[in-house]
Structure formats: structure tokens, C-alpha cells
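Trainee: In case it's useful when we look at the structure, here is the feature table from TrEMBL:
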| type | residues | note |
| --- | --- | --- |
| BINDING | Glu133, Asp174, Leu176, Asp177, Asp300 | Mg(2+) binding site |
| REGION | 85-106 | region 'Disordered' |
| TRANSMEM | 6-28 | transmembrane segment |
Amino acid sequence: MAPMGIRLSPLGVAVFCLLGLGVLYHLYSGFLAGRFSLFGLGGEPAGGAAGPPAAADGGTVDLREMLAVSVLAAVRGGDEVRRVRESNVLHEKSKGKTREGADDKMTSGDVLSNRKMFYLLKTAFPSVQINTEEHVDAADQEVILWDHKIPEDILKEVTTPKEVPAESVTVWIDPLDATQEYTEDLRKYVTTMVCVAVNGKPVLGVIHKPFSEYTAWAMVDGGSNVKARSSYNEKTPRIVVSRSHSGMVKQVALQTFGNQTTIIPAGGAGYKVLALLDVPDKSQEKADLYIHVTYIKKWDICAGNAILKALGGHMTTLSGEEISYTGSDGIEGGLLASIRMNHQALVRKLPDLEKTGHK
């Protein structure tokens, strides 16, 4: 018997074609989803204190645009910080103990500010490395778009774009500096901060005070909206220090500079840097030096370091070493910050402070 031929009806051909199109659509959709995730529009595994590392072929980013987004991020985070504090529902808890044995506190203000700041920066600059104090939960991710508008005050100071390789950039976010003081309702100490480092060197910094709505920013070799004061007292300086260890600094400072030296205990590294500058905020105290003698995290100090550097000031370890903003998230050597002073002479005057901080 001769074999029977196979005949396909027009309906069968149509069904077969539709199935083929469905398979192609599924495969192409998966490809697009992968592409969108690269641009911060899809799911991003951003656990821990750091976002995913920058891609080696991430192209370039414009530091002027990064400054604009950093200012916006600090303000948006500050809005969350202020809203939570004014609601008086902080959901305060401890993340553990600091090296000094105090509770390392976290509140809803920290978490919500962190979410706004991280995702605004990550959506605008998906290929840069972002380090932040608080955990970034992928389940809470947001796509927060930037309108690509650069504020006039930034355009006035930074007149041209400044392109750098994306892989050279590290962003440091502090979504709520002075959490301890925040829980005590000591609002003047609280700041939100963003810093951008290039090859480990701080090049732009933003410090925002949510409760007075004052924002300081500066770019190294670019410009700033803040300036140094006209004079500083190098002989008998006012020294701003952490509230938690003012005593140990006071003892050495009096021996070094004499009994006329004034110690100003304060909360928050951002607040302490602003104390060295000409800040139009009535709640801001004034100091001549900022000294810290114990371990400190880089997201606490990077923005202040960038601002001081842009204004001709200095922030180093107590032994005078420059601080690199790559690698580990903290420094052991304490810090000394000054502006319009002989910084290295000050370093030589304070040989015992680092040892004091490790006792």
C-alpha cells in the first residue's frame, strides 16, 4: 500500500504559527527584562551596605549631574527624616553595639531616607558603586526618576560638564547622621549626606540639615554654595568633638593648647564639619577644629571631607594621612579636620590623641 500524504489545514498552519510567535515573545521578553534591570528599572539585589559593583564597561558619568542628583537625594531623604520625627513614631531598634559599647540605633527615619536616597541615585547612575549605612532591601526597591534638571546655583558655579569613568566612582550615603540625637529629639545635629569619590578621593559632598532645610554642597575644582569663615583661632581653638567621648579629647587638648581651649560636645559628623564653616543657620555652633579619636565610618565623613577639600581645608587621620574612600567602610586612625590653618603643624601638636582613643 502506498504511504498516505500529510495534509495541513489552514487552521492548523495558523495555530502552529501562533505557537511559534508565543515562544519568540517569551524569549524576547526575558531579554528585555534583563536589559531593563541593568538600567535600574528591574529587580536589583542590593543587600547589605553596598550596592552591586560598577560594571567595568559602564562608560562615563558627569560629576555636575551627580552633584545635582546628590543634592536632590539628600533633600528627599531629609524629608523622610523630618516626617518620621514629627510623627513621633520612630520604630527605634538597635542594630547591635558600637565599639564603645553604645547601642547602634536605627529608626524608620533611617530606613525610609535610605530607600529614597539610594534608589534615586541608583536609577540615575546605574553603573556606579553605592555604599550606604543601612541595608537596602530588594523587596522595597523603587524607581525614583530624576528630571535631568540641574539647579541654577550649581550651573552658576560648575559651568561645564565634568566627565569621569563610571568605574572610578564610589558614592557614600549617610541617610541619617546622628541617629542617637535624633531619638533624643536633638534635631539640630541631624543631617543627611552624600559624597562622591573618584579613585578613592572625595570630590563632591552634600550635607543637608532636614529641620532647618539648609544644604551645603561643594565640588573639588568646581565650586560651592558654602565658604570658610573669615578667621580661626589657632592658638586657643574651639574644638568640636563627639558627645560620647568629649572628656578624653578635652584632657589632651588642654595640655596642648592651654586652659583657654573650649571643647564643644556635639552629635553627628556632618554637623561638626559645618561648625568649621560660615553657615547661615542660627542653630549651628562655631568651632575652629574638629577632632575625633575613635573608629569612624566613611559614610559619616566623606561628604565633609569633600567640602573641606573643595574650600582649601583638610581632613586626615590624627597622624596626618589622607583618607581613601575605597575598600573598607571605616577608618581606625581617628581624624583631624581644619581649614585656613597649618594642618600639619596641628598634627604634630597632637601626637597622643590616637593612643588616647584606643585606650
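Glycine too: its Cβ is placed from the backbone N, Cα and C atoms.
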Trainee: Within 8 Å of the Cβ centroid of the Mg(2+) site residues Glu133, Asp174, Leu176, Asp177, Asp300, which other residues of the same chain have their Cβ?
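Mentor: Near the Mg(2+) site, beyond Glu133, Asp174, Leu176, Asp177, Asp300, sit Ile173, Pro175, Ala178, Thr179, Thr191, Thr192, Met193, Gly268, Ala269, Gly270, Lys297, Trp299.
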Trainee: If you count other CB atoms within 10 A of each CB, which of Glu133, Asp174, Asp177, Asp300 wins among these binding-site residues?
Mentor: Asp174
Trainee: Return the residues near Leu176 (Mg(2+) binding site) by Cβ distance under 8 Å, restricted to its own chain and a separation of at least 6 in sequence.
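Mentor: Result: Gly77, Val81, Thr107, Gly109, Asp110, Ser113, Asn114, Glu133, Tyr182, Val190, Thr192.
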